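The domain 'Lactate/malate dehydrogenase N-terminal' annotation in TrEMBL covers 5-119. Residues or ranges marked as NAD(+) binding site in TrEMBL: ASP9, ASN72, VAL96, GLY97, ASN98. According to TrEMBL, the feature substrate binding site maps to ARG59, ARG65, ASN98, ARG129. The feature domain 'Lactate/malate dehydrogenase C-terminal' is assigned by TrEMBL to 123-297. Look at TrEMBL and you will find HIS154 tagged as active site, proton acceptor.
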Amino acid sequence: QPLILVLLDITPMMTVLEGVVMELQDCALPLLREVIPTDKEEVAFKDLDIAILVGSMPRREGMERKDLLKANVKIFKSQGAALDKYAKKTVKVVVVGNPANTNCLIASKSAPSIPKENFSCLTRLDHNRAKSQIALKLGVTANDVKNVIIWGNHSSTQYPDVNHAKVNVKGKEVGVYEAIKDDSWLKGDFILTVQQRGAAVIKARKLSSAMSAAKAICDHVRDIWFGTPAGEFVSMGVISDGNSYGVPEDLLYSFPVVIKDKTWKFVEGLPINDFSREKMDLTAKELAEEKETAVEFLSSA
């Protein structure tokens, strides 16, 4: 799929952006047709097919989550309004900047003429982290693991669920619980590792995830554009309206989805045990609280 990249940044960063453009040119990427750097929303959002919103206000030391939400409501209200005004109505919007789920909900509410289903937030990085932890434990490749699920918020309350995941061991497809035979690890350290992986990367690297996040964005966008492989589902934060898993409506919540013809659908009918139910409700509660705070700010932003 040939691409034209339109890169939006704030005015003081334009010289840095020029450096990024040079690097992109120097990659000699066969599918890259053009790169357009800009600090103007009307240029950046015009006739877009896909918008990837990576810029958000990062949490600083001593900052309350509430302060973070307030700053981000302002950013995502403005970006939602620009999408509403300039982008194609078929645009697919992927929100990466944290708190990603709530930022995505605010962008969607600020773009009333674009269908809610066109907005998603990135939980693919968590999905990939879960796959790779299972693969490492079993000594297989991440490609041998499929159908892990990230439920809920892209935060430390997210629930990485492998009850429905399958792994290919020596040519035979088996359930992850059956393959690993260590329920206490799967219900304990595995979940904690995935939930706290972002913080662990920051601690080690002194910077947040870069390459793994970029790879996850590519995976997410590729699946929106070309669909998910047969028999596989992926995790993305999408609007919860009409779900059959007891998640309240009007939340941007991560679910297992399949995608065909650029349209996602919930994976239906997965049995949910009591352990999962509790974890899924906990992350939904956090999202409902975030939404309430953000919507208050939205009316005054």
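Here the Cβ of each residue, glycine as well, is placed from N, Cα and C on the backbone.
Caution: TrEMBL annotation is automatic and unverified by curators.
Everything TrEMBL records as a feature, shown here on the structure.
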| residue | record | Cβ within 10 Å |
| --- | --- | --- |
| ASP9 | NAD(+) binding site | 15 |
| ARG59 | substrate binding site | 15 |
| ARG65 | substrate binding site | 15 |
| ASN72 | NAD(+) binding site | 26 |
| VAL96 | NAD(+) binding site | 22 |
| GLY97 | NAD(+) binding site | 21 |
| ASN98 | NAD(+) binding site | 20 |
| ARG129 | substrate binding site | 23 |
| HIS154 | active site, proton acceptor | 29 |
- Note on the structure: The rounded CA-CA distance in Å from ASP9 (NAD(+) binding site) to HIS154 (active site, proton acceptor) is 24
- Measure from the CA atom of HIS154 (active site, proton acceptor) to the CA atom of ARG65 (substrate binding site) and give the result in Å, rounded to a whole number. 14
- Message: Between ASN98 (NAD(+) binding site) and ARG129 (substrate binding site), how many Å separate their Cα atoms?
- Response: 18
- Message: To the nearest Å, how far is the Cα of ASN72 (NAD(+) binding site) from the Cα of ARG59 (substrate binding site)?
- Response: 10
- Message: Whole-number answer please: how many Å between the C-alpha atoms of VAL96 (NAD(+) binding site) and HIS154 (active site, proton acceptor)?
- Response: 10
- Query: Hey, what's the widest CA-to-CA gap across ASP9, ASN72, VAL96, GLY97, ASN98, the NAD(+) contacts in the record, in Å?
  - Reply: 17
- CA-CA, which of the binding-site residues ARG59, GLY97, ARG129 lies nearest HIS154 (active site, proton acceptor)? GLY97
- Item | Site diameter for substrate, Å, by largest Cα distance between ARG59, ARG65, ASN98, ARG129 | 24
